[in-house]
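Dropping a structure here in structure tokens format, bear with me for questions.
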């Protein structure tokens, strides 16, 4: 292809979020002709658009639903289309583009091509993946390994690729990547050195349609990983053990003691073992919840495969703190503790939180309800709470389902999180509850940009009402 032909080739990026912006900048730095298409339009996007244009990146704010006709002006000259993870991989427009043999790829796939020479850990799962990603990155950094963390948490992978390109004199030792199902399905060539599967429960079924499709996407990452690590405490993963590619299994359940396939496990006294070798006591981890012991074992298994000794791992774990919005302890006033678990965007994640903080609890929940089995959540609410305050789009629907299930605690519906927080404080004091827990079990997009914004709002509300000194 001549230089003139190359200059006429257009690389289209879909989406003006963090992933899309990073992908566009990466392509532009490589000298590509870049066009970003965004199907929304507001003041913030306009500001971002103007900034990118000043850097020589073309941006069009469509302000309409994505359609194949949006690509008509460039259909003969498009070289690649890079898709942000928020856009459904099975969108009809993307299917039609693939049908025209156009290179349609996820943002992670674009970045991965520039990073394949760096050893990597790819962490996926319905819940737990963010904690494992942060914990493992913390362990590696404290042991003087040059790492970067990104994907679905931290930096967009394209940003890491761009930084690595500019700082090629400081080669990374390891990439620690959290990879969502959305990112995996658009990046079929991503093949980590180590793959970790934390948990598997219903989530994102409004996009993946059914559990089997969701499972296949997650499994594909492990199939392409050189070393595989699984959580045997997860019932679904354990039930599929014989179908999954061979790997390392970890578990906290007592039956792990007698299982032949556990490599990392915890005994009745809380000591962590690697096969028959005692490593150290699990109490060195200073964050609550049995699920975090599962996360700990997964991180330890990966660190051992990378080559760290057990004493170095233990020393690093002692300084690991809870991650914002994931069972984040905010403090205690008059024997009432406050927890921010805004990351709980599905029922299973909220169940884990309800099991992990002091009972009885006043629960704050609501937002956009996802598909999934409601009843296990209700069962745990009955066991753990004195009352529940609901807010957001699905509040009334959740209330109806709770009433049908014969929940006897107090149920209050409020318009927003601020009103809900005030109500929760009053109920907690009236019922001598020990904890107020924000664990919404729903997506945040009805009232917030993301779960982080929702969690930050809750933390500010706690400060506003002078609950935490």
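Cβ atoms here come from the backbone N, Cα and C positions, even for glycine.
Quick paste from Swiss-Prot:
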type	residues	note
BINDING	125, 126, 127, 128, 129, 130, 131	ATP binding site
Sort out the sequence-distant neighbours of residue 128 (ATP binding site) for me: same chain, 6+ apart, CB within less than 8 Å of its CB, listed by position.
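Same-chain residues close to residue 128 (ATP binding site) (Cβ under 8 Å, separated by 6 or more) are 198, 199, 231, 291, 294, 295, 298.
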Quick one: which residues besides 125, 126, 127, 128, 129, 130, 131 have a Cβ within 8 Å of the ATP site's Cβ centroid, in sequence order?
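These residues sit around the ATP site: 123, 132, 198, 199, 295.
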Reduced to three states, what secondary structure does DSSP give residue 129 (ATP binding site)?
helix
Taking the Cβ of residue 129 (ATP binding site) as the centre, how many other Cβ atoms fall within a 10 Å radius?
25
Among the binding-site residues 126, 127, 130, 131, point out the residue whose Cβ has the most other Cβ atoms within 10 Å, with all shown protein chains included in the count.
131
